[in-house]
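Colleague: I am attaching a structure below and will ask some questions about it afterwards.
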Amino acid sequence: MTFITRWLFSTNHKDIGTLYLIFGAWAGMVGTALSLLIRAELGQPGTLLGDDQIYNVVVTAHAFVMIFFMVMPVMIGGFGNWLVPLMIGAPDMAFPRMNNMSFWLLPPSFLLLLASSTVETGVGTGWTVYPPLASNLAHAGASVDLAIFSLHLAGVSSILGAINFITTAINMKPPALTQYQTPLFVWSVLITAILLLLSLPVLAAGITMLLTDRNLNTTFFDPAGGGDPILYQHLFWFFGHPEVYILILPGFGIISHVVAYYAGKKEPFGYMGMVWAMLSIGFLGFIVWAHHMFTVGMDVDTRAYFTSATMIIAIPTGIKVFSWLATLHGGTIKWDP
């Protein structure tokens, strides 16, 4: 098997997982370099970069690189690809060729994001890309358009990956294995994939409307034509809040396995409680988004609802934390470095 055949045309979940891990490591170094620039600018009085726009571009790029090209490829693409088939005894992922495409959409997406920083004045909008700052008035030129296309590609990659993981986790188990016998990491990736499948299309819609506002004279987010910039915020945060749970849920799964192993236990405390806590967190994550928007002004009843719903998430999260503590309790703890 030639090098090209193995790495470019792979249909092997382990090879594709390795590609994801390597890509994530490289992107992580880019993201770290960007955060170093941020700290260098803020770590002393006066200016270092000397230009507010450049600083905002660095902050925006740092966020996108770390979220879409480091955490998600490593946690979902890397660990997910490597571990999910192994943990359920499947020969590979449900759709191995689509798995390959999910990975190879990421380098072009990364390239578009880097390009967005180098043309015109860059994307100095913050990772939220709110209009009217992201409009063709405040950000003329191709920068924001390139960033939008970058997000489109990363989004397609993640949606395809999500379909793959959902199908694999549900359908590729041996007949004797019920869903409630799969390891917690498999559950965490399954729930993460469901969140991706439900939230990313909304982001795609929002940024596509922003794209047409910028280039095709639509006014989805422009009051002059009957639009509303607040609509963009709702669309963005309906994705943006589940996204932060997408980033942390695979970590919850990993922590459960790590804690059980280092406590010398064969399983974590309260398996069913852990599963339902993750399911609850995933569900509740979709009905709290407007807490990111309190400063734009909201009805008192709306504020009360979003505040209460947000606080409810603390309950399943607490179940997870105390189950980890209960797993450690009474264990023969391995103090490996």
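Glycine residues also receive a Cβ, built from the backbone N, Cα and C atoms like all the rest.
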Colleague: Tell me if Leu42 and Pro337 end up on the same side of the membrane in Swiss-Prot.
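Modeller: Pro337 and Leu42, as annotated in Swiss-Prot, occupy opposite sides of the membrane (different topological domains).
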Colleague: Can you find which of His152, His234, His241 Swiss-Prot lists as binding Cu cation at the same site as His291, His292?
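Modeller: When Swiss-Prot describes the Cu cation site, the candidate it includes is His241.
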Colleague: For Cu cation, what surrounds His241, His291, His292 with a Cβ no more than 8 Å from their Cβ centroid?
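Modeller: Sorted by sequence, the hits are Trp237, Gly240, Val288, Trp289, Ala290, Met293, Phe306, Thr310.
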Colleague: Taking the binding-site residues one at a time (His62, His291), which has its Cβ surrounded by the most other Cβ atoms within 10 Å?
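Modeller: Counting Cβ neighbours within 10 Å, the top one is His62.
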Colleague: Pairs 6 or more apart in sequence, C-beta under 8 angstroms, 3 or more of them: is that satisfied by the transmembrane segment (229-262) and the transmembrane segment (300-328)?
Modeller: yes
Colleague: As a test: from 52-87, 96-118, 142-171, 184-213, 271-287, pick the stretch that has the greatest number of Cβ pairs under 8 Å with the transmembrane segment (300-328).
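Modeller: Stretch with maximum Cβ contacts: 271-287.
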Colleague: Cα-Cα, whole number of Å: Gly46 (Na(+) binding site) versus His241 (Cu cation binding site)?
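Modeller: Computed Cα spacing between Gly46 (Na(+) binding site) and His241 (Cu cation binding site) is 35 Å.
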